[in-house]
Amino acid sequence: MAPPQRHPQRSEQVLLLTLLGTLWGAAAAQIRYSIPEELEKGSFVGNIVKDLGLEPQELAEHGVRIVSRGRMQLFSLNPRNGSLVTAGRIDREELCAQSPRCLVSFNILVEDKLNLYPVEVEIVDINDNTPRFLKEELEVKILENAAPSSRFPLMEVYDPDVGMNSLQGFKLSGNSYFSVDVQSEAHGPKYPELVLEGTLDREGEAVYRLVLTAMDGGDPVRSSIAQILVTVLDVNDNTPVFTQPVYRVSVPENLPVGTPVLAVTATDQDEGVHGEVTYSFVKITEKISQIFCLNVLTGEISTSANLDYEDSSFYELGVEARDGPGLRDRAKVLITILDVNDNVPEVVVTSGSRTIAESAPPGTVIALFQVFDRDSGLNGLVTCSIPRSLPFELEKSVGNYYRLVTNAALDREEVFLYNITVTATDKGTPPLSTETIISLNVADTNDNPPTFPHSSYSVYVLENNPRGASIFSVNALDPDVDQNAQVSYSLAEDTLQGAPLSSYVSINSDTGILYALRSFDYEQLRDLQLWVTASDSGDPPLSSNVSLSLFVLDQNDNAPEILYPALPTDGSTGVELAPRSAEPGYLVTKVVAVDRDSGQNAWLSYRLLKASEPGLFSVGLHTGEVRTARALLDRDALKQSLVVAVQDHGQPPLSATVTLTVAVADRIPDILADLGSLEPSAKPNDSDLTLYLVVAVAAVSCVFLAFVIVLLALRLQRWHKSRLLQASGGGLASMPGSHFVGVDGVRAFLQTYSHEVSLTADSRKSHLIFPQPNYADTLINQESYEKSEPLLITQDLLETKGDPRQLQQAPPNTDWRFSQAQRPGTSGSQNGDDTGTWPNNQFDTEMLQAMILASASEAADGSSTLGGGAGTMGLSARYGPQFTLQHVPDYRQNVYIPGSNATLTNAAGKRDGKAPAGGNGNKKKSGKKEKK
């Protein structure tokens, strides 16, 4: 764009235009000014303060400012003198294109009165643009037989100025064959046409070079030139002709891209190349060429971009039809864009407050806003509304402005923030609407104390908590805001167990987090009662209290304590006595333990951790009772060691163990008798005696077996036969003499017993059975380990495999179950080679009986080497009263022959007051005890 031309009379013209605009505005109740374009920034437009009847110093007092409609600010107010000045350089062509008049409308807002004054400024065009050809060179082809006065359209010339400053005429360089003529259109610019003035002769001159000059009517005149190349063609006496000179069509603005608008058609009477017609656009701007496209072969015009009624409602297109040699015809295409309601209304908040006091009276103005719609007609008419449930209403102001005012009293405690939705709806079909939210805060007063969500709190803390750990948090809510809602927390002063409460817990005054200042112990402190106070920071401050109960939860921090059996002070292990005649389930002792914890942390369970003889004893899971799991055998060791574990149910569980020593014997004299018989024989004839005894026992067993078979055959009792066959077999275990200890070792063994036991000495039976107990509360430990005991029989004797059913007289209990490890071997499964040496004649048998009687007599007359007072069997005083000589049994009653139910002497005593299960004689002891 060319710079504006300065004229001597410019200032007088501006002053005259300003004066006329002022007088016209006063008469029409609207302020109007007129200025030329391209004025410098800050150029004077008009004295707006004077036209409003104000003084310059009142501008700031009344809040006078310019309010424009969504476009850039072109004008501004001079705060010193109140004059209206330009905010920058104004280009009329950019602002209004080629409109005959260019008017800029805006409003002057008086802020304190909320009054609007419309202002209109006309931008007057100046000659600041030079006419410009779209092409600097143009080739024109003319048939040599073209008639004089034929016209040929030339390229379009563009001048954005209007009036006299726009394109006015053309001038062609001197030539006798051609002249230029100016054509103008009602809705378009002027364009030149080349006029043929005479007859052409291609043979005389085939090419003409012309210079075309375009001039406007400004002062001074602006002009531009273009080169025209005229080529004379051979005869083509028919030009393309459009079916109509002007095509008109109306399309909606929401037409999809690529949709055909219309098709132009031109015909040529020639044939061949001279009759082939192509189409092209002429006299269109670059913007139009981006919106529409033309098919060069069919003449169909379609859209290549979206149409917008608000951007342009009318398009004029030039279409040219050209045949092969270059003859052409032109037509106009007039496209009218129909408005569619495709623009939603817009809401622009001009002024307003974001905060209002809750004591504001009804009618208080909150905001001023403007609504407009870019559509036209009914599509551009807009109405506004807000929800009726709100204490606000809309009042119509100047033009399309609205005021938002209150119509009821406000209460911040009920609603502290209003999001007022302003809905603007046009009257199009279908109607479009938009929503704008105006947020309004209600100012607060301190009229609400802090409140806790609960009337009381219960806090549960695990004991042994770390000091300083956060254990709970309280939160009080204050419906007020800002300073009135800042809550601080504190604890009421109190004492607990002689110490201030503040030494136990503390509270963060800002967050309300409660901290433990001590590590709590459930066994010492189980609960605390606190009062928490919440106060706000208003003036005056308000507060409230809440009760908080703190409960200490138990942790599994105490292991079970063994109360019984108690560990003696001398470090020895207590001894319990289990008679060999004890049946399965016999109560040997009971382990008693306690746990200082509570709940499941104090639930105790007992289990057998280790035993010298696995499967012999069991421990009640919940009772701690140590019972025999099976019948005691003579091969079982005299001394049994048990390790019982007591475990609680905490997480993780804690446990304690206790070691029990169980002496397997009917009574103390039995222990002495058994140990006395362990004297190894130094005579070589002992082995022969044992062999003879084994042979005798085998013979008796065979006779007994034959008798049983005959009896079963006579009675036809198959079941009884099976039972007797199982009891008929038996293995005899040997006992090498080199593995026994002397009787003198009994004294050291008995002196290790520090736990007092109650023994009975009237049992003379060796009742051995192997049932598997089935107590619901008993755990049987199957672990086994080997331990050398000086008072136990040899390992070879323990591992002797014999059928224990040979040694029992009572029928078996079918409710018991045998584990695979406890299941005895079959009858007669033992090798004969594994049996020991037994007395082989009557003399040897009598010698064995004499040895047993001598041991008993020695104990009776106090000559035993075990020591101790008379009649006490060498025991200490704590056992003396229970074991006098009158309780010493006749050991001959326990002597029997293996495989037979008969003893050497008849036994009158009965264990536990029960009769033997079968036979008239006493129950026999195992072969191991007989060998002893």
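Even glycines carry a Cβ here, placed using N, Cα and C.
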Exercise for the section: Report which of ASN81, ASN901 appears in Swiss-Prot with the annotation N-linked glycosylation site. Expected result: ASN81
Handout entry: CB contacts for ASN81 (N-linked glycosylation site) [other CB atoms within 10 A, all chains]
Key = 14
Handout entry: Separation of alpha carbons, ASN81 (N-linked glycosylation site) and ASN545 (N-linked glycosylation site) (Å)
Key = 65
Practice task
Run through the Cβ atoms and count how many others sit within 10 Å of the one on ASN419 (N-linked glycosylation site).
Solution key: 10
Fill in the blank from the handout: Its residues classified by DSSP, the domain 'Cadherin 4' (348-452) shows 4 helix, 53 strand, 48 coil
Fill in the blank from the handout: Integer Å value for the Cα distance linking ASN419 (N-linked glycosylation site) with ASN81 (N-linked glycosylation site) is 41
Completion exercise
In DSSP terms, the domain 'Cadherin 5' (453-562) comprises 7 helix, 49 strand, 54 coil
Problem - Secondary-structure category, per DSSP, in which ASN81 (N-linked glycosylation site) falls - result: coil
Exercise for the section: Count the other Cβ atoms sitting within 10 Å of the Cβ of ASN545 (N-linked glycosylation site), across every protein chain shown. Expected result: 14
